[in-house]
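Annotated transmembrane segment per TrEMBL: A:12-28, A:40-59, A:79-96, A:116-133, A:145-166, A:186-206, A:218-241, A:271-294, A:306-323, A:335-357, in sequence order.
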Amino acid sequence: MMQVKAQIGKFQLAIMILLFLIGNTPLLKPPGQLKQDSWIALLIGAAFGSLYLWMLLVIQRRSPDSDLAELYQQLFGKWLGFALAFPQGLFFAYEASRNIRDFSDLTAMTILSRTPEWSIKLLMVMLSLYAVWGGTRVLFRLAELLFPIVVLGYLLIIVLLIQAGLPDFHRLQPIMSDGIGPILKVVFPDFTAFPFAQILTMLVFWKYVKPSAAIGKITYRAYTMTALFSIFMHMLVMSVLGPGLNEYSTIPFLQAVQLIQLANFLERLDVVVTVLIIIGLFIKLSLLFMAAALTLSSLLKIPYRTCAVVLAPIIYGVCFLEPNHSVHQWIGFHIVIRYLIPAQMLLMTVAFLVGFFRKGKKSSKAS
Amino acid sequence: MFFGKQGSGVKQQMKNTGQRTRAKHGGSSKLGSSLKDNLDKLKTDLHNSSDLEIRPIGSQLAPEVPMTAVYIGELTDETTLNEYILRPLMSTILRTEARNEKLVHIILERVVEVGAAYITTDIDECIQRLLDGYCLLLVQGAACGLLIHISNMEGRQVSEPTAETVLRGPQQSFNENIGTNINLVRQIIRSPSLHIDSLQVGSETRTQVALLYLDDVAEPEIVNTIRSRIEALQISSVLESGYIESLIQDRIYTPFPTMKNTERPDAIAGGILEGQIAIMVDGSPFVLLAPVTLFQLFHTPEDYYNRFDIASFLRLIRFTAFFISMTLPALYIAVTTFHQEMLPTTLLITLAAQREGIPFPGLVEALLMELTFEVLREAGVRMPRAIGPAISIVGALVLGQAAVEAGIVSAGMVMVVSFTAICNFVIPQLNIAISARLIRFTFMLLAGVFGFIGIVSGILTVLIHLAGLESFGMPYMSPIAPFDWSKMKDNFIRAPMKYLLKQKAGNVINRRSKQE
Amino acid sequence: MKKRLLTLLCSLVMMLPLAGCWNRVEMNEIGIVTATALDWDNGKWVVSYQLVIPQAISSQSGGSSRGDAPVNVFSTEGTSMRKAIGDASREMSRKLYFAHNQIIVVSEAAAKKGISTILEIYMRNTEARETVSMFIAKGKARTLIEQLLPIEKIPGTAIKQLVKNEANSNSLYPDMTIYRILQDLLGPGQSTGIPQLMIAGSRQALNSLDSLKTTSTAAKIKFGDLAVLSGDKLKGWLSQEEAAGVMWLSNQIKRVTIPFNCSGNSEAPKSSSVIVAKAGAERKPELLPDGRIKMYLHVKAEGTLLEYTCADNLEDPKSLKQTEERIAEEIKSEMMKSWKAISRLETDIVGFGALINRTYPQQWKKLKQDWNTSFAAIEPEIDVHFKLVRIGFSNQNFKSIQKKARS
C-alpha cells in the first residue's frame, strides 16, 4: 500500500507531547527519602529538563529535515553514528516494552489478578502494533482523539478529590525541613531522567512537523504545561495521602482516588484512573515503538512497517525477562534512570557540542 | 419526463458517455442511407424484441419518401407519439424539396413538436436511446436518425420520506427517477453554479449516475477523485446506490460508512451547499453524499430547522446514544462479572438478587439476549406490515417478560438490551447504526474476557482505525483529528445560525477568490 | 500485508473467548461481605463475616415475605488473619467479596494485640477499601455484627450510615476510616482515636427477625467511648464526656450541640443548648527556650440557639454577650477535660505533633524521640470566641413571656 507522506500539525505536536510526557506519570512514585518535598525536586528536575530540551531543539534546528538516526550519522560520521543510533533505536523499543510491563503489572495488581499476564501483554503489543502500522499520521491523530478523554478524566478526578475534601495542603509542610541539600542530591538523575528527559523521543518526529519554525515554541509550551501539571498532580496526591501513606502505597495516585466517596455512588473511581493509565501508557508505548521502528528503518533503509513487525515480538519477549514487579522497578530506578538515560543525555550533549564546533569551523571558514 | 428539460449541458454529457461506451465495446457503426438496412440492423441489435414497434409513415412533407418511426412500445408515451410526432408529420401542409439529411433537419426544425429531440448518426446511440424510451425517426436516404424523447418510465410520485422522518422541515423524498431527483435538488438550489455531471455505469444496466456539486464550493480534487473512480468501474450492473458506495469508498475493510446516504432532498442540498458532492443513481431514492466525517453522519437536516440550543442538545444525545449502543452491554458484562466493586452496594445487592438461579454466565446471557433482539429486529424489517404488531407482542411478552419470570435471563439484562436497542434507533443514519451493532458484539466478547481493560482496548482499536480512515482524502475524524476549531461550531453542537451562515458565505467567497 | 494483519487481529479476537474468562466472577458466585469483626481468642484470630443474602433484601424477589434474615454471620479462625480469611472457602459455598465491606469491628482484646495486621491487609490488597470504618468493641466483636437494625436492611451499611450521620450532624465521634487511621498512625503523632461500638439496653440481642416485629426494640446499637490507640495498640479509653473535647482540640468539629446553663455554675443542670454551625481553631505551638511547649488554641465558633431557659431578653446586646461568653466557657471546659484525659494517656490523638513538625521541623527531630512524654507536658492555652449568629424566632424564653402576659 502506498504510504502517504506523514505530516504533523502544530496542535498535534503539542497534544502528543502532553500525552506522552504525562503518560505514565500517575504511576510514578518518586524515591521516598524526600517525603513531602519531592515536588520541589520535580520542579528543579523539570527546569533541568528544559535545558536539555533547549539543547535538543538546537540540534534539531541545525538540520530540520533529519530524524534521530540521520542526525547521529551526520554528527558522528557514518559508522560511529550507526553504532550509536542502532542501540538508541533498540532502547526506544526497550522503553516501550517497559511500558507494557508497567501496564500488565498494574492490571495484575488491581483489577485482573487472575488473568495470565501473557494475554494482557499480547493485547497491548497487538494494539500498539496496529497503531504503529497506521503510521505517524494515525498516531498523532489518535493522540488528538484521546486527548479530550484524558482531560475530562483528570478533571473529574481533581474535582472529585477536592469536592470530597480529601486534600489537606498542610500535609506538604514543612517545606524543605532539611534545606535544599538533600533535594539537590537526588535531582539528577532521578528527577530529570524521568519523565522529562524522555522528550528526546520527539527528535524522531520533529522533522515531520509543519511549519517547522513553530516547533520550538510549541514544544516549550507543551513541556511547561506538562511539567506544571505533573507537579500539581503530585502535590495533590501528596496532600491527600501525606508523606507517610504516600510512601507506603505502591501507586499513590490510585490510592488517593480510591478514597473518594461522594453521594454513595461515586466512590469506585479506580476505573477512571485505570483508563487514564491505559491511555497514557498506550500512547507512550506506541510512540516509543514508532520511534524505534522509524529509527531502525532510517538506519537500515527498510520500510518502517517491516521494522515494526520485527520489533513487536522482541518487545513482547523482553517484557517477560524480569521475574517480578520489584525487579522491574529496581531496574527502572537503578539502571534505566541512573545510567541509561543519563548516558543518553550525555550523548546528546556531546552531539550538541560537536555540532557547535563544526558550525564554528564552518563559519570561520566562510569568513 | 423531467430529464428532457435539463438543457444541453446534460445532453452533451450523455453524448460523451455514449461515445465512451461504444469505445468500450469496440467497433463503431453508423447509420446507413438505406432505410431497410437500418431497420434490419436495429432489429438484430435488439434481438428482434417483441416490443419493438416499427411504424411506417407517409408524410405530406415529401410523400414519396418512406419514413419509419421506431420505438419500444412499453417505454414510450402513446399520446405524445400520436399528438406531437405522428399527427404533425402526416397532416402537415408543408412541402419541401429537401431530401436525405436535409429532410431530417426540416422535420426536426419545423414538424416535430417535442422539445427534447436531436439528430444522430450513431447506431449504438440510437439503440441506447430506444432503450431509454426515445422514438427514432428514420428517413429513406438519410444516413442519420432523429431521436425524439417520448419516454414514459413507470415510477411513483414524490412522496413523504419513510426512512428519515422529521417533525419540522420539508416532507419530500427522492424517488427512483433520477430526473425527478435532480429536479428536486434544482428546486432548492437555484444557483447557476450547481453543476451536474452525468455518467453511465454498468455494461448491462447502463445506469445513469449523476454527480451534483457547487462548482465554486466543492473541492475540485475531490470531485475529480469521485468522477474518476466511478468512470473506472468495470461492472455489469448497478441496481442501487449501495453498489457505487461500496465500490468507490476509500477502504473496504471498515465497519464505518465513509459516505452518507439520504432520501431527503433538503439534506442533499444542505450537503451540496457545504461543498459535499452528491451522487445520484437512477433507480434508487437513496442519494450518496461524500465526503463525510464521522460526526456528520449524526447530523440531520432538522438540526438546522430547530433552535440551536435544542438542536445542539439533540446532537449530543445522539452521540451519547451511539456510544451507549456500542458499549452498554459490554459495560454491563464488565461491571457485573469483573468489577462488582464499582456498583453501589445497594445496586449490587439488587442485581445479585436477580441473578440468583440464572443458569448462564453473564456473557452468554448477554449474547443470547442481543442475538434474540437482532433476530427480532430483522424479522420486523422483513415481515409484511400486517403481521408487524404480532412480532412486537411475541418479542416483548414471550422473550422479555416470560424469560425473566422463568429465570432464564435477569431483568437487568433485559433492561440493558432494550435500552441499547433504543439508543441504536436514535442514530439518524442507518449504516452507522449498523456499525455500532457489529462493534457491540466484539466489545461484549472483549469485556467477557478482560473486563474493563477489554472494553478500553476495544475502544482504542476502534479509535486507531478511525484515525486512519479517510473519506475521499478528508480525515474521517476531522474536526477532532486533525483539530479544526472553526468547524467545531457545527459538529458536536450547532452554533446559532448567525455564525454558521457567515461561515458558509465566507467559504464561498474564499474559494471564489482563490479560483480567480 | 494489511489484510493479513487484519485477519490476525480478527482471529485473535475470536480466540479470546476460547482462552477462558480468567477473572470472571458471576454475581451469584460471590458472597458480599458488608461487615467484618475481629476477635482475639485463645491465641488465635477469629474473623467473622456478615454476608448479605441478596434475595432476602431485594424487594423484587419477595424474599422478605419468607422471613429470611437479610444477613448471615459466620466465623473462621487461624493463627494469622489472612489464613483465617483463606479458610473461609472451606465453609462457604461462595467466594467472599470484600469490596463492599463497610465496617470492621475489632474487639478490645484484638486491639490490644495490635491492629497493624488489619492495616497491612488493607494496604496490600486492592479489593479491600480504605474507606471502611473501624470500630472497637468492648467484649466480643462478633456479637455486634450479628445485630439487626430497625428500619435498615443491611446492618453493615446501616452502621456506616450511622457514623457518617454522626460525624456530620453532631461531630462527637469521627468516622474513622482505615484511611484516616493510617494517616494518623503514620503521621508524626502515631496515635489515633476510634469510637466504640456497643449494644445499649438489655443484653437481649437483636439477632433474630422476631426482635424487629415490635415497635420498640429492647436493645440498640450505639457509640460508646473513644478508644485511644498508640502505635498500633489500644492504650486506653476516653469516656463520652472526655471524648467530647477531642474533636475541638483536633479541629474537626463540623456541627455539634452544646448544652449550657444560665448561671455558669458547673453544678447546675444544663437546660439550654446551642448548635454550633461553624467552628474553626487556629492552633499554634510555641517552643519556649526552657524546653516547655506551649500550644495556643484559638477557637472561633458560630451557632444558633436551640432552646433557652434563662430569664433575660436576648435582644439586649449585653445579655447576648453574656450568653456567648457562657457558651465559650462551656466549650473551653470540655476541651480542658479532654486534654486532661489524653495527656493522662500520653497519646497525641489531636495532631499536635504534626503542628510542631510543621512549625519547628528542626526541633521536631529531637522531640519525636520521646514524643509521648513531651506531649503530656504540653501546656495548652485555650481561648474560645463564640458568636451567636441567630437566636431563632423568639427573643425570650417562653416562661418569661408567659409571665409577662399574665401581668
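Note that the numbers count up from 1, one per residue, in the order the chain is shown.
Using the three backbone atoms N, Cα and C, a Cβ is placed for every residue, glycine included.
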| request: Please indicate, using numbers and ranges, the residues of the same chain that are 6 or more beyond the transmembrane segment (A:186-206) and have a C-beta under 8 Å from a C-beta there. | output: 8, 13, 16-17, 20-21, 23-25, 28, 30-31, 33-34, 38, 41-42, 44-46, 48-50, 52-53, 56, 59-60, 64, 67-68, 71, 92, 95, 136, 212, 215, 219, 223, 227, 230, 287-288, 290-291, 294-295, 333, 336-338, 341-342, 344-345, 348
| query | Does the transmembrane segment (A:271-294) reach the transmembrane segment (A:306-323), going by 3 or more CB pairs under 8 Å (6 or more apart in sequence)? | reply | yes
| field | Distal contacts, the transmembrane segment (A:116-133) - CB-CB under 8 A, six or more residues away | value | 96, 100-101, 103-104, 107-108, 139, 142, 281-282, 285-286, 289-290, 293, 305, 308-309, 312, 315-316, 319-320
| Apart from its near flanks, which chain residues at least 6 from the ends of the transmembrane segment (A:12-28) lie with a Cβ under 8 angstroms of it? | 99, 102, 106, 139-141, 143-144, 146-147, 150, 194-196, 198-199, 201-202, 205-206, 209, 215, 218-219, 221-223, 225-227, 229-230, 233, 251, 253-254, 273, 276-277, 279-281, 283-284, 287
| query | For the transmembrane segment (A:335-357), which stretch among A:79-96, A:218-241, A:306-323 has the most Cβ pairs under 8 A? | reply | A:79-96
| field | Contact ranking winner - A:40-59, A:79-96, A:218-241 against the transmembrane segment (A:306-323), Cβ under 8 Å | value | A:79-96
